[in-house]
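Engineer: The structure under discussion is supplied below as structure tokens; questions concerning it will follow.
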Amino acid sequence: MSQIPRSRGRPSAFALADRERERGRGGDHPSPSADVSEEAPSTSRGPDARAVPAPGPGGGRRFQAAPAVGPRTQKQLELKVAELVQFLLVKDQKKIPIKRTDILKHVVGDYKDVFPELLRLAAGRLRDVFGYELVELEPRSNAYILVNTLEPVEEDAEVRGDQGTPAAGLLMIVLGLIFMKGNTITETEVWDFLRRLGVYPTKRHLIFGDPKKLITEDFVRQRYLEYRRIPHTDPVDYELQWGPRTNLETSKMKVLKFVAKIHNQDPKDWPVQYCEALMDEENRARPPSSAPAPSS
Amino acid sequence: MTDVHRRFLQLLMTHGVLEEGDVRRLQKHCYQVHDRNAPVEKLEDFINTINSVLESLYIEIKKGVTEDDGRPIYALVNLATTSVSKMATDFAENELDLFRKALELIIDSESGFASSTNILNLVDQLKGKKMRKKEAEQVLQKFVQNKWLIEKEGEFTLHSRAILEMEQYIRETHPDAVKTCNICRGLLIQGQSCETCGIRMHLPCVAKYFQSTAEPRCPHCNDYWPHEIPEVFDPEKERDAGVSRTSRKSLRARQH
């Protein structure tokens, strides 16, 4: 099933590693004859994987914790998990949800039959080593994001290597606006508000760059916002709501606290929103009945 | 592995490469957040703890030294992959190929530097989408900003980050052209060489080897060493000179 397209726009990050591994080495010192010019996407094909049945309904294979399952050694699986972890880390940096299909195509390849186990192991490593929780964006969306289990702290900004993003500030403002206005807002209202802060849809901003693109494209693509056309509006207007990533990464209470801080007031000064935020906190604390039990 | 280590790792990952002083600051910060009263573990041990956990993920926090002035630096490097893989996510195919071409010129050069002109002349040979020279100039600047290359007076050499990350890859893809240091045996891009027998040494290795030697002589052929002996890097001196290593701006400004 997995053909190897020869040339693609962006070479896979793990292509060479994979081919090195196929030569039977444990990934420590790959063969010197590595051909730099060939960057085929990772397929995990090779002498060791040959015993895997041809692609098809081979999903009967179950991964056991015992070593040397089928044709794959423990070491190979370990390497696969390592690749998967690195892939997820790198992809999440862009803040775009990682599609299951991309994971299968670029990393898992012939290890498809043990994919659930690989993902489970990778998620475990991400949690234990880095403090990131691998979360599905929405049930059955087959797209994942990494949510930080560590609480960000103001002083982090001083020791970071990336400038944090100024965009995050704009996002917070928009999220606050949406929540305070009852969880949905029109694009017109957003610009009416932002104009007062000197942020315009048509003018380049010194800090935010292109605010219109950020709000209506980037944040939407990153799933922080939902952006939908309101039918029968002339001129066309759009409604903005929180996206699935926002609910995973932050909360109504956190956003309310942010808004309160800006106004130098107390969250309780907005009783309606405060109540709503409290209920949201309660819902989060209560484990959802359908979810698997959290691992300790 | 505690939250102190995790936060450290998360924040370290936001840097391509980090100088030792800043690494210590980062470590202290993580203790402040999670374990205020605990004594700050010795950096070496702290990093070893993390590395033992990273081992099964085929990555490690690697320590190195800048080639020009011997500053200790740290970077998170991949062990399993050998290509320019970390760059692959930030750059297009033709940009990566430009880097490889520049890399080759740098390795083949005597000084460890490749001129902008020579690199740009290879623009027609790049894989992927066609790139014009003007564009290539900007891509080279992108490499400098992202700390893969250093520019000095129109010439480019490898940033210490690139050396840390790609040493293995470079040794394997250019086994004949690669130069090594006579003292530390590490990959050598910039350094000094003996005019008689041709052996090479990193500047910081020269500094250490000839420290307080009246008459420096080549360790291999014993001829008089003809170059100026640099100073050994002293972090204390840096601090006294009031160089602000804490400001990120100054960090970015330094062509390291």
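Cβ atoms are placed via backbone N, Cα and C, with glycine included.
Predicted automatically and left uncurated, TrEMBL annotations should be read as such.
When I checked TrEMBL for this same protein, it listed these features:
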DOMAIN    B:166-218  domain 'Phorbol-ester/DAG-type'
DOMAIN    B:181-222  domain 'RING-type'
REGION    B:235-256  region 'Disordered'
COMPBIAS  B:246-256  compositional bias 'Basic residues'
Engineer: In terms of Cβ proximity under 8 Å, which residues at least six beyond the ends of the domain 'RING-type' (B:181-222) contact it?
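Structural biologist: Same-chain residues near the domain 'RING-type' (B:181-222) but 6 or more away: 65-70, 106-107, 111-113, 157-158, 163, 167, 170-171, 229-233.
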Engineer: Need one number: mean pLDDT over the domain 'RING-type' (B:181-222).
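Structural biologist: Mean model confidence (pLDDT) across the domain 'RING-type' (B:181-222) is 93.
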Engineer: Using DSSP, what is the helix/strand/coil residue split across the domain 'RING-type' (B:181-222)?
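Structural biologist: Summed by class, the stretch gives 7 helix, 7 strand, 28 coil.
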